[in-house]
Amino acid sequence: MSDMRSSFVTSKILENALFGGDFNREDTFSLTSMTIRIMDHVALLKQFIGMCQSNPAILHSPEFGFFRDYLVSLGATLPPKPETPAPEGKCPMGGDKKEEKREEKPAEPEIPKPAEIPFPEIDNEGVIEPEEAVALPMGDSNKAPSDEDVEKASEERGKAQEALGNGDFDAALTHFTAAIEANPGSAMLHAKRASVLLKLKRPIAAIADCDKAISINPDSAQGYKFRGRANRLLGKWVEAKTDLATACKLDYDDDANEWLKEVEPNRSSTVSFLAE
């Protein structure tokens, strides 16, 4: 800085010498003092310029308006004015932006799972596994039997009854099948063969014969009776109770009534469990 001051003083001395000006010691001291003050301001100006270089936005401060005007007059291009940050709760593009309040949904109360109700104890004594279904001849129920057919059916039925009396269930089945083929429209013959099938532990085939008997005669008490018994052997307590009750209603039978009493407890337990 001392070199600059000396240079400035020297230039002034030369200027006075060239243009005939007077330059004494007092002028020299006054000039030196002024030079020192100017150089101090130059140092501050350098600091300010450095601040503007690191943060151009400072030029847009209101107190530096005079400096902006000066720079523009020199043809300088000013950096763009920084955007004013939107106040909290205001929309930058204008208008208040209402803070959206998210309503927290209350937690749904947990619905306790109902306690598992154990299946009621059922007396399955006498229940058997269903046999493999084997279709038996049903004949054509639309066939109008001749007198010879009716006579043959009656003869075969007698032989079947005799075989039953002897405990020969297979023979009884054979003869009832022959009777059905001769007179397939007889609901009674289908129900009788169903009773033999039950003795042979063939409830599925028995149900098929009972269905046939009921389709021929909806009031076939024996059709409902033996179908109810077949359902009982399969552990179908509700169906068994319905069929046996219907059989007793159509034509009361001691055996059907006993079977009805037998299935009622299990039927009641099953219905109560399903209703819960």
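Residue numbers in this text run from 1 along the chain shown.
Backbone N, Cα and C atoms are what each Cβ position is placed from, and that goes for glycine too.
Please treat TrEMBL annotations as automatic predictions, because they have not gone through curation.
Given the structure is predicted, the values throughout are model-derived calculations rather than measurements.
Here TrEMBL flags 40-79 as domain 'Hsp70-interacting protein N-terminal'. For the domain 'Hsp70-interacting protein N-terminal' (40-79), the model's average pLDDT works out to 76.
If you look up TrEMBL, you'll see 78-123 (among others) marked as region 'Disordered'.
Feature annotation from TrEMBL assigns compositional bias 'Basic and acidic residues' to 95-113 (among others).
If you look up TrEMBL, you'll see 136-163 (among others) marked as region 'Disordered'.
Residues annotated as compositional bias 'Basic and acidic residues' in TrEMBL: 151-160 (among others). Here the compositional bias 'Basic and acidic residues' (151-160) is broken down by DSSP into helix, strand and coil counts: 10 helix, 0 strand, 0 coil.
Within the region 'Disordered' (136-163), the DSSP-based counts of helix, strand and coil residues read 17 helix, 0 strand, 11 coil. In the domain 'Hsp70-interacting protein N-terminal' (40-79), the DSSP tally of helix, strand and coil residues is 32 helix, 0 strand, 8 coil.
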